[in-house]
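Look at TrEMBL and you will find 33-66, 73-91, 103-123, 135-153, 215-235, 305-335, 347-367, 379-401, 421-440, 452-476 tagged as transmembrane segment.
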């Protein structure tokens, strides 16, 4: 079930929220938590009911392990078991293909990376504090993992942050202030996703698809496609983060912020403090620091940085292109560290932001391209090796526009039945980058202008519902 669909917005969400609040008042907190857990499983199993069996098995297995992980062998078994389950579904095909073996006939369950990592954090907490299972209660634990607001794409919330709030949720749901702020975040998040991200998607797709089919992209075409994808994934993930936070607030749960204007970052380290902030925190706590962090000399520190980012890239998908994306970010972090250590000149902030943004943009190429051949083709276009003019072959892919198509230069267009002229494409991209670089983000705007944000969100919501019938899945649902 997608957040941006009328079924979710007008059916599932209000029915679940009202039923949860009524259950808490009539039958008590346990009944409300049981209802919320059932609703989360319905939400999760809407597309593929069989996935619910895997989620239930994962929750029950880790719940059984909790009182045992104080002993090191059980803790290691829990970590290995969770990672093996994730590896089978997410990386089994990649490993089999690399070894020239038949790929296992499995499909990737939605959200498996997130609910697996969420439970790894619970196991670590239980390792430090063994009585945690008794203090939690099964319904609190299960909802902390399966709560539909963050089940598919995070945020990854520490047990100490979410479990006490889940336990109090039956008494905290539908509070006036939380409901107003939650509704504001949901409305603005939907607008980002349905009005902005999904509008940039076709512009990016046409360019990357052309490169994948062997058409040489010119400098202009390649940069338009890349800039459009950068805006698509920005508004897609930012919109999801807002919706997740807003949904949780309706139930009286406060998720940590997960997105803080990352394209305004002046260093690559700052970028990772702003982009998918809870995943960055997880990678630091579960990979970088256990590997030794910065405690064993410069060479070990740089190796730890690179390995952490390589594994972070692989977490996003089973493919060499994701490994390359993570490796590029590891390389960027090493360069940043060496630059700081050598005390070289500091760039003016605007220049530093520009350099950081260009580095991030170039790394998006392998992330978005379907294979390495397309990555190379896109990089050739970005470097201008295919010239500047629009090739006739690409124009031929677009719907015929007769004399207008021959008279006006065109770019990959919005929608399936029209093209976008150069001025229109430039205007659309300019608007997107002004919003990203010049305006406050949602959290800042909501704090300063709550009423105005709600009004703006309501206006955007009307537009969003018009787009909702053709809503695209959130990009991070794939991971």
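In case you wondered, yes, glycine gets a Cβ from its N, Cα and C as well.
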Query = Between the transmembrane segment (347-367) and the transmembrane segment (33-66), are there three or more C-beta pairs closer than 8 Å, counting only pairs 6 or more apart along the chain?
reply = no
Note = Listed stretches 33-66, 103-123, 305-335 vs the transmembrane segment (73-91), most Cβ pairs under 8 Å: range 103-123
Ask   = Counting Cβ pairs under 8 Å that sit 6 or more residues apart, are there three or more between the transmembrane segment (135-153) and the transmembrane segment (33-66)?
value = yes
